[in-house]
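Note sheet for the following structure.
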Amino acid sequence: MRVVIAEDHALLRYGLIRLLQAFDFEVVAAVDNGPALLPALLEHKPDVAVIDVRLPPTFTDEGLQAAIAARTEIPGLPILMLSQHVQTLYARELLSTPHGGVGYLLKDRVSNVDEFVESVRRIAAGGTAMDHEVIAQLLARREPLAVLTPREREVLGEMAEGRSNAAIAAKLRITEKAVSKHINNILTKLDMPPSDDDNRRVLAVLAYLDA
Amino acid sequence: MLDGSTTIGLAATNIPLLLLSVLALGLTPVPYLGLALVLWTTKLVRLRTDLERRRASRTGVLVPRPYHPAPQRAIPGGWRYFRWTVTDAATWRDLAWLVPGAIVGLGLGTITILLPLYGLAALALPVRRFDAHFARLFLAPTRSADLRLRVTQLTVTRADTVDAQAAELRRIERDLHDGVQARLVSLSMVIGLADKLMDRNPAEAHKLLAEARESSGAALVELRHLVRGIHPPVLAERGLGGAVRALALSLPVPIVVEGDLPGRPDAPVESAAYFAVAEVLTNLIRHSRSRTGSVSLRHADRALTIVVSDDGAGGADPAGGTGLLGIERRLAAFDGTIALSSPPGGPTVITMEVPCALSSPRTMPS
């Protein structure tokens, strides 16, 4: 799988390269600044890109801007944004580009290597990976969720983060069948159409939460 | 003798200046010429009164300039300039002084010339002082002008302080974001990878863990540097004297620190003074090629005085670097001042003064 990395901090850039290479990703480009990023994305059209939100020269949100621009040029280009802090605002801007294949995680998450790599693979496959903190912020804002049982809210959170039914089942230590039952209940209670497509379902849930 | 004749000579110029001013004001309605004429005569009058202020100040009677600051982007000779001139009470007080000032000047000048003839030369200075005090009556700012100048100055220093504070916070955020936070992320990534490799490739895992330990050490060092840049722990623990001594020890040039403060200034003043000294010392090492330096700390007359000097080449230009300007702003927030003396050939002496009270060390909260 071919990856483009954008990270200005040398230590982190090499760390990411090494980590992804250890899991058989091919790093086709690793840039350390904003202006070089968009051309690299457009030239290599990678299977997935891992991008720091804040990059030189302005150290604002250049990474995010380049990512959104690239997804406008190449619809559905899979992108994982990494940042030292997460903002629902940025998640919304990222999700506003059509098609799935986006992720937005705290940099801290790279320490859980397996889960991080799994997130990158999922995004490359068109799935999503939203940081727990983003989802927690979204869930906290939504009143109608009172109709859900605590367990259903938990499942909703996991689902919104982008996990598959199997992953949710493993994490909550329940059967996959129980997970899909919870999900059906959630969709009914929130008046959302049922869907077999995991990715589309997640995007619908995110759209619902962010409405 | 000479002094007396100067006084008389200067006093004599008052009368033509007054006549010129009256003429200019009378001609105000004349298009173009009128406004420009008022401007020029006002300039002449101010030259004369400024000279008188300087003469008074030389006898120890301080007479500050009372004028409004000139309007920005106004055309000399234009309407706004004219309005600025005539609405300033100081303009009229200047004119009011011209005649009495001339009379007193002529009188006292004559007395000064005559004094030595009667063997009373010792009285020359008191006479000059009397002259100065008389000038001060008219030429110093009135109470309201004084307050207005103060408000202007406070507005400027407040804006500077707010700017400096915002820049400082931004710097801290940047340092944390690019330094410690990034290092911790990389640390956790390395540990995660090592954990992953522990069974498959123990040798590689060990190498990663050694790297992780190094990285955590580097993060701690960076954090310590950052904390020192925000508020040096030694400043909190030992106060200004101790912190400056600690700083001096860390510099490549031997710096002698003398003087002890009987108590501690308020924390903000202490911090500003510390960073001012740190900045000055850094500049000193960077630019002056000096082999030694000294810092003296003193608190007297309700002001903290810090003198930093070196044995370097001198010739430091206060307008050159932004460093001195930054220190000036830092201190201005507390009505502090900085003065630089750096003749070619050295030595460079920088004197900083901040009015403040000291609290007794025993009542300091620990």
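Note: Cβ is positioned from N, Cα and C throughout, glycine not excepted.
For B:17-40, B:102-127, the entry in TrEMBL reads transmembrane segment. Under the heading domain 'Putative sensor', TrEMBL lists B:17-128. Marked as domain 'Histidine kinase/HSP90-like ATPase' by TrEMBL: B:272-356.
Long-range Cβ contacts of the transmembrane segment (B:17-40) within its own chain (Cβ-Cβ under 8 Å, at least 6 residues beyond either end) map to 48, 76-79, 81-82, 85-86, 95, 98-99.
Counting only same-chain residues 6+ beyond the ends of the transmembrane segment (B:102-127), those with a CB under 8 A from a CB of the stretch are 1, 3-8, 10-12, 14-15, 59, 134. The average per-residue pLDDT of the prediction over the domain 'Histidine kinase/HSP90-like ATPase' (B:272-356) is 85, rounded to a whole number.
Secondary structure of the domain 'Putative sensor' (B:17-128), assigned with DSSP and counted as helix (H, G, I), strand (E, B) and coil, comes to 82 helix, 0 strand, 30 coil. Helix, strand and coil counts under DSSP for the domain 'Histidine kinase/HSP90-like ATPase' (B:272-356) come to 26 helix, 28 strand, 31 coil.
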